[in-house]
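Asker: Quick one: this structure, given as structure tokens, is what I'll be asking you about.
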Amino acid sequence: MSSLALTHAKIQMIETFRIPIAVIGSAFWPAASMLAFVVPWVGDDAQFATYATASMITFAVMSTNLFQYGIGVAEDRAQPWEPFVRTLPAGALPRFAGRLLAGLALMVFALLPVVLIAALFTPATLSPPAMLLAIGATVVIAVPFILMGLAIGYSLPQKAAIVVAQVLFFPLAFGGGLMSAPGGAPGFIEAMAPYLPTGAAVRLMWAAVGDYPLELGSAGSLVAWIVVLGAVATWAYRRDEGRRFS
């Protein structure tokens, strides 16, 4: 990782932390959902608590990346500094890499309250191997939501990006079954959830932290979403670059 990319990441982090509510907000919804939908209902059921925590981790990954990249990229594109950076000899790659690093750091920040609440107020447990699997699964499920955010940020103006990110936020969470235990959602949600990015992602997390069987359909759906969203994000970036510099 080049020092220039790290410098861009540092600048992005400083810009974000200058607005504390933006940082607090990224962690608020996952933590609030954990306190509202998990802690009061888990009782002494360690398996349910573990699955529910995995759901809230998926919720945090989705919301953080959707807003961080979807709205953040659109805001940056509206500033004169962004197109200027693309004309520099180093190109846009260091700034793009810095944006990814800063976004991942904020994602980790949003995950910490969820993990702490689970450890302190629920009987959720993980063995060391399962914890390593959960960390790996978290990295994997972040990919489609990063790509979704980039696709929104590079294809839409700032105001439209804010609306689209907010409109997608709750339907993806509820439609993917993030607010219920495995098998506990209404029938129509159970039927469609494996084919939504959130539903496919949370099923990978459930399989990582417990004995939930990884379904071939949901795994294939997750891969398909990564490919499709990657193609859309690439198209949106090239389209934006062509508009600005052609």
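Positions of Cβ are set from backbone N, Cα and C atoms, glycine also.
When I checked TrEMBL for this same protein, it listed these features:
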- 21-42: transmembrane segment (TRANSMEM)
- 48-67: transmembrane segment (TRANSMEM)
- 100-124: transmembrane segment (TRANSMEM)
- 130-153: transmembrane segment (TRANSMEM)
- 160-179: transmembrane segment (TRANSMEM)
- 216-237: transmembrane segment (TRANSMEM)
Asker: Using a Cβ distance cut-off of under 8 Å, indicate which of 48-67, 100-124, 160-179, 216-237 has the most pairs with the transmembrane segment (130-153).
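Answerer: Comparing 48-67, 100-124, 160-179, 216-237 against the transmembrane segment (130-153), the winner is 216-237.
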Asker: Report yes or no: does the transmembrane segment (100-124) come within contact of the transmembrane segment (216-237), defined as 3 or more CB pairs under 8 Å with a sequence separation of 6 or more?
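Answerer: Answer no, regions not in contact.
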Asker: Do any residues, 6 or more residues outside the transmembrane segment (216-237), come within under 8 Å Cβ-to-Cβ of it, and if so which ones?
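Answerer: For the transmembrane segment (216-237), the far contacts come to 140-141, 143-144, 147-148, 150-151, 153-155, 194-197, 199-201, 203-204.
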Asker: Other than its close neighbours in sequence, what residues sit by the transmembrane segment (160-179), given a CB gap under 8 Å and a spacing of at least six beyond its ends?
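Answerer: For the transmembrane segment (160-179), the nonlocal Cβ contacts are 33, 37, 55-56, 58-59, 62-63, 66-67, 70-71, 73-74, 148-149, 152-153, 185, 189-190, 192-193, 196-202.
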